[in-house]
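Residues or ranges marked as L-histidine binding site by TrEMBL: Asp61, Leu62, Thr63, Arg89, Gln105, Asp109, Arg258, Tyr262, Tyr263. Annotation comment: TrEMBL describes 289-301 as compositional bias 'Basic and acidic residues'. Residues or ranges marked as domain 'Aminoacyl-transfer RNA synthetases class-II family profile' in TrEMBL: 1-342. Taken from TrEMBL, the feature region 'Disordered' covers 276-304.
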Amino acid sequence: MVIRDKIFSTITTVFKRHGGVTIDTPVFELRDVLTGKYGEDSKLIYDLADQGGEICSLRYDLTVPFARWLAMNPMIQNIKRYHIAKVYRRDQPAMSKGRMREFYQCDFDIAGVYDPMLPDAEVLRVAKEILDSLNIGKYTIKINHRKILDGLFEVCGVPADKIRPISSAVDKLDKMPWEDVKKEMTEEKGLDPEAADKIGQYVMKKGGRDLLDDLKTMTELTSNASFAAGLADMELLIDYLEVFGVMPVLSFDLSLARGLDYYTGVIYEVVTEASAPPSGKLSKKGSKPKNDDPDADRSNDDSIGVGSIAAGGRYDELVGMFANSAKGKIPCVGISFGVDRIFSITKARMTEAVRGNEVDVYVMAFGGKGFTGLVKERMQVCKTLWDAGIKAEYFFKVKPKLPQQFASAEKNGVPFAVVLGEDELAAGVVKIKEMGLPEGHPEKNGVDVKLDDLVNEVKARLASKGLHEEKHAKAVEEVQLEAKDAA
């Protein structure tokens, strides 16, 4: 939770930087609100037992509840909204890879009528800022457009009623070879093999502005109205993303389809090196579960990766599905971050232990023969520090041994100790000791401070330590930036 809270804080800071306001929705929705919005993934929705009232289901994502909320509040015609909450999917779990049935999503959406591609560009800029702030390593934002895909499928001879199922099959190209995807399209979904071969000529293409320029020369595609409209959107979006500095991490990828039915325009997902399954054969240790138990944890299954860590797109018609009037048909675009998948990558990349708490001062006591433990005095000093807003703790024992107290402080990485002694207290003095100082340091054994000056002294030392750590972190960041520029 310490790591998760840091991820939440990082993400929320960026959301607020871009003017986001937060809302909340219930954990469960009417089943009718959720059904028919997720395509083939609808089978993963958790339905609740009917107890003589309305039939409900656990929310599958935060997007459909947001659309329902907008439709119920027609006075809100535009909003930048963020929402951090748990969602539920009856998927096969792989716990160590962040693939769970109950997990957190962090959503950022822009709703309202605006000039084309301006909100879309800002959502992708938000994604880049968040991803650059998290410890996830190299990442790629894959992007495509539903109108480009729909136009491409029409040109290739896909019947209108098969466009969504074929999209869902094409979306698996990052997990399956083309031969398997083609087999799903033709044998399972009844597509003409000739149409599948035509699709295969195009969906392997990826790039940046170069791909855009390449597609503009393909008259067999640009003559399709849907394809041409999507291409115009992408050209404008790429212009804006160059201004926002997003293009270096972007990949225009024609195989990206996104399985959810509600997307109408630009679609995107974020992948890292951990997103894909490990390449090559199954390792000796890692293998698929021996049985087909859908509840089995597949953490050791080498055919499964972390998956995409964020995804989203434009959904202009979803709010209208719940609205009673034309006024309620609000276009939206957004992105959702999967915190548990980000967490699994972050934890794997961590090189240092994480502090379990944020305590700044550990109040201790020591003494010789006849030592009383000074428990009330330690409690009084803690009260004084708490009253001043300083995070402090003491050992829950009347007569603790000094090594016990130091071990407890060190375990949680507490930076400062305040040590009480009977003779020193009689003189109105305590000792402040910075933990972890090297041998030979002039303050290794601590510094005497008047009890009346304790709060000011602790605050000054905390401020000084924080400033030092901030300078150190900035210096490390500058070195990393220089290394990145050199590369």
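Heads up, the Cβ atoms here are built off N, Cα and C, so glycines get one too.
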Tertiary neighbours of Arg258 (L-histidine binding site) (same chain, Cβ under 8 Å, six or more apart): Arg146, Ser167, Asp171, Ile267, Glu269, Ala311, Gly313
Cβ neighbours of Thr63 (L-histidine binding site) where a neighbour is any other Cβ within 10 Å: 27
Extent of the L-histidine binding site in Å [max Cα distance among Asp61, Leu62, Thr63, Arg89, Gln105, Asp109, Arg258, Tyr262, Tyr263]: 21
Listed in sequence order, residues with CB under 8 A of Tyr263 (L-histidine binding site) and six or more positions away: Arg146, Gly313, Arg314, Tyr315
